[in-house]
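Asker: The structure under discussion is supplied below as structure tokens; questions concerning it will follow.
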Amino acid sequence: MDALQLLTWSLILYLFASLASLFLLGLDRLAIKLSGITSLVGGVIGIISGITQLHAGVTLVARFAPPFEFADLTLRMDSLSAFMVLVISLLVVVCSLYSLTYMREYEGKGAAAMGFFMNIFIASMVALLVMDNAFWFIVLFEMMSLSSWFLVIARQDKTSINAGMLYFFIAHAGSVLIMIAFLLMGRESGSLDFASFRTLSLSPGLASAVFLLAFFGFGAKAGMMPLHSWLPRAHPAAPSHASALMSGVMVKIGIFGILKVAMDLLAQTGLPLWWGILVMAIGAISALLGVLYALAEQDIKRLLAWSTVENVGIILLAVGVAMVGLSLHDPLLTVVGLLGALFHLLNHALFKGLLFLGAGAIISRLHTHDMEKMGALAKRMPWTAAACLIGCLAISAIPPLNGFISEWYTWQSLFSLSRVEAVALQLAGPIAMVMLAVTGGLAVMCFVKMYGITFCGAPRSTHAEEAQEVPNTMIVAMLLLAALCVLIALSASWLAPKIMHIAHAFTNTPPATVASGIALVPGTFHTQVTPSLLLLLLLAMPLLPGLYWLWCRSRRAAFRRTGDAWACGYGWENAMAPSGNGVMQPLRVVFSALFRLRQQLDPTLRLNKGLAHVTARAQSTEPFWDERVIRPIVSATQRLAKEIQHLQSGDFRLYCLYVVAALVVLLIAIAV
């Protein structure tokens with residue numbers, strides 16, 4: 001049985017799980033178990049399919065009798081799609097295991113319907129990766145968007161519905177851009193098959209138009225700036241295992257689409273240099289502003305969603321380098337850029353999935369998203385705390401975890417730009433490196449804040465004081481992802497050549513030197529990555545701080561004493577503990593132009609019960625783009641909708657007239 005046949009069985013299981021959930025409406029507990037177990041098995045088969053295809057190393061193509069003449073049903077599984085299937089299936093397995101007990105919280109609240117939409121969501125993502133026809137690609141892309149939209153609005157409260165509407169608008173705006181790009185290529189090729197697109201040699205102007213349409217269309221799904229506004233609202237609104245899939249793998253469909261169009265469908269046309277520079281620029285801006293806005297958040301899931309914008313930016317940085325390499329016919333830049341992009345795509349799926357599952361575990365016990373109402377959870381939820389600690393270290397690119405490895409390769413790709421003689425790239429490379437360095441520092445600060453405020457210190461609410469560990473299936477799911485974060489880092493010298501082979505096969509570039517003890521990336525001294533030295537670095541860096549800590553502890557043990565914290569003469573209260581607002585305050589001053597601070601008087605906040613005064617604190621920090629651009633657009637759209645609402649008269653005859661008028665306009669347009 002080949003990889004495509006295995007993948008077909010995986011899709012059948014997802015569809016069976018979705019239909020079974022639909023027929024079990026009202027029997028939520030049974031639907032949760034059936035949906036979770038079936039999708040788990042489907043994910044395992046998907047993993048086997050991806051590994052089988054990567055091991056075989058050949059492109060598989062299957063054609064079926066089309067239901068429409070213009071839309072051939074063709075499946076094509078190459079190295080990139082197999083890699084994406086593997087990444088998605090890994091996270092599906094873990095999230096399915098997690099859902100078996102997590103979804104009990106939604107019993108009686110539409111859990112069976114959520115199982116239906118969840119499995120449709122997974123199936124559409126996986127099928128989209130191997131679809132080789134523009135019509136069916138768009139159909140599956142829309143299925144993915146609509147099913148995830150239903151998951152976003154699952155709670156049916158005002159916040160989730162507002163988030164869902166913004167997501168719906170931006171997702172479909174992106175779909176329209178992608179559709180126009182495919183129609184332009186279809187007009188030139190006379191077919192909607194991707195195979196015909198690959199043979200096109202478009203004019204520079206038309207090729208650039210197609211690329212920009214596809215880039216911003218798929219970029220809206222990826223959550224890159226400036227099309228990111230839906231992401232920090234929609235992802236936190238969904239159930240946590242759905243958030244893990246949306247943030248961990250759904251946004252990567254956007255990255256996949258950008259790679260597919262720019263480096264596959266338009267490869268015959270050729271890539272202008274400015275395409276890669278544009279992708280690098282937007283990636284750098286997304287990375288820096290994404291982590292900066294994450295730092296300002298008090299909502300734990302919104303913080304993680306903003307961090308996804310940051311990591312999408314890092315991936316786009318590496319993708320931009322790869323596109324520059326293709327433009328300059330430089331296989332080193334191309335392969336190293338894709339190595340960094342694909343490695344970080346995999347790693348981000350794992351540690352972001354882990355952190356969203358950890359956030360879901362916390363929220364299920366404390367019933368709040370506000371980190372200021374958490375604290376001291378490491379004592380009460382030790383397994384969750386341990387798993388989240390690994391996730392925070394990984395996402396902060398701290399060795400010896402996987403986030404460090406992929407960001408290291410991204411750095412290598414940027415260093416490799418120094419070999420290029422183009423002045424624009426000699427300027428773009430250092431600027432991107434500075435922005436990536438600042439991003440890395442802010443990311444460490446962000447997740448120190450998240451972990452410290454959430455798991456350390458004193459409990460800041462009754463729910464935090466009474467919190468208990470989550471059930472074993474949720475713990476096992478989180479620990480599996482934590483173990484993968486460590487395992488992938490330690491196997492980097494084995495895994496990197498495999499990913500480089502995927503990059504080579506996808507772009508048809510000459511393979512770089514890959515061997516044990518030999519530089520993974522051939523080039524000058526400062527661009528070389530040696531597996532043995534990298535492994536030594538991974539083992540040594542975490543060991544040195546540990547030795548220093550033991551030395552300091554032995555020296556100070558004799559002089560240490562324990563007592564109450566000094567509170568300036570007042571009795572200690574948990575509200576006096578350091579807060580996320582305090583951590584962020586210096587950055588609010590430095591980057592004040594990028595934030596709009598909202599304050600609200602709260603009479604319930606009193607540091608001392610004997611003081612009946614009103615204290616003020618920042619309730620939210622609104623990003624500049626959302627406040628100055630997105631909010632006015634939304635308001636204008638709402639006003640326009642009210643103005644044209646009279647067209648919805650309820651008169652069926654008038655609606656028929658609208659249809660006839662639209663048909664006449666279309667016929668005139670075609671005739672002209």
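Every residue gets a Cβ built from N, Cα and C, even glycine.
Quick paste from Swiss-Prot:
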TOPO_DOM  1-5  topological domain 'Periplasmic'
TRANSMEM  6-26  transmembrane segment
TOPO_DOM  27-30  topological domain 'Cytoplasmic'
TOPO_DOM  52-79  topological domain 'Periplasmic'
TRANSMEM  80-100  transmembrane segment
TOPO_DOM  101-119  topological domain 'Cytoplasmic'
TOPO_DOM  141-164  topological domain 'Periplasmic'
TRANSMEM  165-185  transmembrane segment
TOPO_DOM  186-199  topological domain 'Cytoplasmic'
TRANSMEM  200-220  transmembrane segment
TOPO_DOM  221-242  topological domain 'Periplasmic'
TRANSMEM  243-263  transmembrane segment
TOPO_DOM  264-272  topological domain 'Cytoplasmic'
TRANSMEM  273-293  transmembrane segment
TOPO_DOM  294-311  topological domain 'Periplasmic'
TRANSMEM  343-363  transmembrane segment
TRANSMEM  385-405  transmembrane segment
TOPO_DOM  449-474  topological domain 'Periplasmic'
TRANSMEM  475-495  transmembrane segment
TRANSMEM  505-525  transmembrane segment
TOPO_DOM  526-531  topological domain 'Periplasmic'
TRANSMEM  532-552  transmembrane segment
TOPO_DOM  553-651  topological domain 'Cytoplasmic'
TRANSMEM  652-672  transmembrane segment
Asker: Under a Cβ pair cut-off of under 8 Å, which of the recorded stretches 6-26, 200-220, 273-293, 385-405, 475-495 contacts the transmembrane segment (343-363) most often?
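Answerer: Out of the listed stretches, 385-405 contacts the transmembrane segment (343-363) most.
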Asker: For the transmembrane segment (165-185), find every same-chain residue at least 6 residues outside the stretch whose CB is under 8 Å from a CB in it, and list them.
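Answerer: Contacts with the transmembrane segment (165-185): 134, 137-138, 141-142, 145, 148-149, 152, 192, 197, 200, 202, 206, 209-211, 213-214, 216-221, 227, 229-230, 233-234, 257, 261, 265, 630, 634, 637.
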Asker: Taking residues 6+ outside the topological domain 'Periplasmic' (52-79), which of them lie with a CB under 8 Å of any CB in it?
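Answerer: Sequence-remote neighbours of the topological domain 'Periplasmic' (52-79) are 2-4, 6-7, 85-86, 130-133, 135-136, 192-195, 498, 501-502, 505-506.
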Asker: Six or more residues out from either end of the transmembrane segment (6-26), which same-chain residues have a Cβ under 8 Å from its Cβ atoms?
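Answerer: Sequence-distant neighbours of the transmembrane segment (6-26): 34-35, 38-39, 41-43, 45-46, 48-49, 52, 77, 85, 89, 112-120, 122-123, 126-127, 130.
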Asker: Could you give me three numbers for the topological domain 'Periplasmic' (52-79), the DSSP helix, strand and coil residue counts?
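Answerer: Across the topological domain 'Periplasmic' (52-79), DSSP assigns the residues as follows: 6 helix, 16 strand, 6 coil.
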Asker: Using DSSP, how many residues in the topological domain 'Periplasmic' (294-311) fall into helix, strand and coil?
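Answerer: Helix/strand/coil tally for the topological domain 'Periplasmic' (294-311): 14 helix, 1 strand, 3 coil.
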Asker: Name the range, of those listed as 80-100, 200-220, 273-293, 475-495, that has the largest tally of Cβ pairs under 8 Å with the transmembrane segment (385-405).
Answerer: 475-495
Asker: Okay, the transmembrane segment (475-495) and the transmembrane segment (80-100): do they have at least three CB pairs under 8 Å, pairs separated by 6 or more?
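Answerer: They do touch: at least three Cβ pairs between the two stretches lie under 8 Å.
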Asker: Per-residue pLDDT averaged over the topological domain 'Periplasmic' (1-5) comes to what?
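Answerer: Over the topological domain 'Periplasmic' (1-5), the predicted model scores a mean pLDDT of 85.
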Asker: Could you tell me what the rest of the chain brings near the topological domain 'Cytoplasmic' (27-30), counting residues at least six beyond its ends with Cβ under 8 Å?
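Answerer: Sequence-remote neighbours of the topological domain 'Cytoplasmic' (27-30) are 104, 106-108, 110-112.
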